[in-house]
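Chemist: To start, I am sharing the structure in question, which I have written as structure tokens.
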Amino acid sequence: MEKILTVNHLSKKFGQLLAVNDLSFTIEKGNVYGILGPNGSGKSTTLGIVLNVVNRTKGEFAWFDGKTSTHNALKKVGAIIERPNFYPYMTAVQNLNLVCKIKEVPNTKIEEKLELVGLLDRKNSKFSTFSLGMKQRLAIASALLNDPEILILDEPTNGLDPQGIHQIREIIKKIAAEGTTILLASHLLDEVEKVCSHVVILRKGEKLYSGRVDGMLASHGFFELRTHNTELLKDYLGKHASFGAIKEENGLITAILKEQMDATELNRALFDQGITLSHLVKRKESLEEQFLELTKNQAN
Amino acid sequence: MVRLLQIEFIKLWNNRASKILIISYFVLLTSIALVAAIKFEIGPIQFHLADQGIFNFPYIWHFNTFIAALFKLFLAIVIVSMMSNEYSNKTIKQNLIDGLSKREFILSKFLTVISFALISTVFVFIVSFVLGLTYSDFDELSIIFSNLEFLLAYFVKLVGFFTFCLFLGILVKRSAFALGFLILWAIIEQIIFGLLGWKLVSWETASAIKGILPLEAMSNLITEPFSRLKAVQSIANEIGEQVNLDYQVHWYEIVVVLCWTALFVYLSYALLKKRDL
């Protein structure tokens, strides 16, 4: 698989504070990556370093196998970090023209990209007159001008209203569907869960996990069950070798699986025991639950 | 190089305030020509400034470059704000992310500064040339094109001054404070001079040291031209004063300013490179 970005033992200190600690990961072409982590976990700093705006303290990174200099590599990258930064006195089109000059690409795609983010009718308005949602969409249009090899988004929905969040997500999904590699940093887990196939999880500058989303926890999922005879059910589950922890909350029993088991199989077995269920759901842990599990394990 | 200039041009020309300042600057440069129209009569004495010899070749090169240099503050505002606005709008960050290297960023600003200085110099040359041809008492080619070193000095002076503004813009990051600092620095140079002469060394050495300080070095490039005027000289003679100023442009003065220019460009780059954005 073609490597887009390789990060090797990267560290960054701000005075005494170690913002990024010995971080290594690889971004491969065609995947959608999420960088997860609470606020202050070093997500933005890491992106800042590979994007040439923050100086690294130690370690290395290489774009496209290190074949080009960082600033030339960045011409093939589309990136938005934190707030959208444009010249407030210039119109959308003028700002994008400038970006084209910097990236050394022809300015023929401006209208197409403005159309994609739904700003074509405002193309001659000054940037300062835009709402935050529009600014963020303009930033996405700008990042796409060069049809980048990889799109980097740092908290793209931060500070937006629900409608704005929805619009940005739709755009990201559209871009992901076209096969563009995406790197999405966020602390909003459902956001990452909806679009990412791979994750890098950071906490206090350290990497906790990097790999496929579904391989994050060696988990077989869990059952949510409800019945009239709760005690009988709990008793049965407790004796069954396939189940680990069993929790009860408002009559809803959650049984964590230790090994693979089919819902039909469980249903039949319970029926044979004379236990009839009014509710049976088999679920995988959501990314949020997995994330909390992972960060909790590491904290101990 | 053309790309870097185009980038800067887009940034400057779409900014209304910068555009107005740039245009007024060049209008003011042209307006030096209006001095020619100064004419007044006090009783029997008719005074026509153009007849006082200020437009004589080669004196006009001296006079006009000196006057034109006074207007440089207009462009200084433009330059300081074009640098510090990149910080306050955080567009410098976006520029770098979009693929401009830090070196290219500084270079694009420096090239703009050189262009401003070059265009100003050409402007002053044309205005002075036309004025001279109209009013000068001498029109031999050898006289017309003598003392052109004043134009070179003017160019170097502008480049040096604007690069200083650029550096202050990067250093202070806020245009108003950067301009304040510029004024403060001018005062600091005088204080350094005063302290040196008063306590540490002789006044002669002090003024030699002062001549190396950036702003003073720039202003030394072109000495004031008024005392060179015949009218002023004769008045001075009448009251028994000898005006003995050295009006020449000296090569070492140019070297000093060029050194400062190089230092400011280097420091701007070093500062940008060191900083996390």
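Cβ from N, Cα, C; glycine included.
Annotated transmembrane segment per TrEMBL: B:20-40, B:60-84, B:105-131, B:151-172, B:179-198, B:251-272, in sequence order.
Give me the structural setting of these features: burial, nearby parts and distances.
Modeler: Below 8 angstroms of C-beta separation, residues 8, 11-12, 15, 17-18, 21-22, 24-25, 28-29, 32, 35, 54, 109, 112-113, 116, 120, 123-124, 127-128, 131-132, 136, 147-148, 150-151, 153-154, 157-158, 161-162, 165-166, 168-170, 172-175, 178-179, 182, 222-225, 228, 247 of the same chain, each at least six residues beyond the ends of the transmembrane segment (B:60-84), sit close to that stretch.
Same-chain residues lying 6 or more positions outside the transmembrane segment (B:151-172) and placing a CB less than 8 Å from one of its CB atoms are 61, 65, 68-69, 72, 75-76, 79-84, 87, 109-110, 113-114, 116-118, 120-121, 124-125, 178-179, 181-182, 214-215, 217-219, 221-222, 249, 253-254, 257-258, 260-261, 264-265, 267-268, 271-272.
Note on the transmembrane segment (B:251-272): residues 102-103, 105-106, 109-110, 152-153, 156-157, 159-160, 163-164, 166-167, 170-171, 211-212, 214, 217-218, 220-221 of its chain, located 6 or more positions outside it, place their CB under 8 angstroms from a CB of the stretch.
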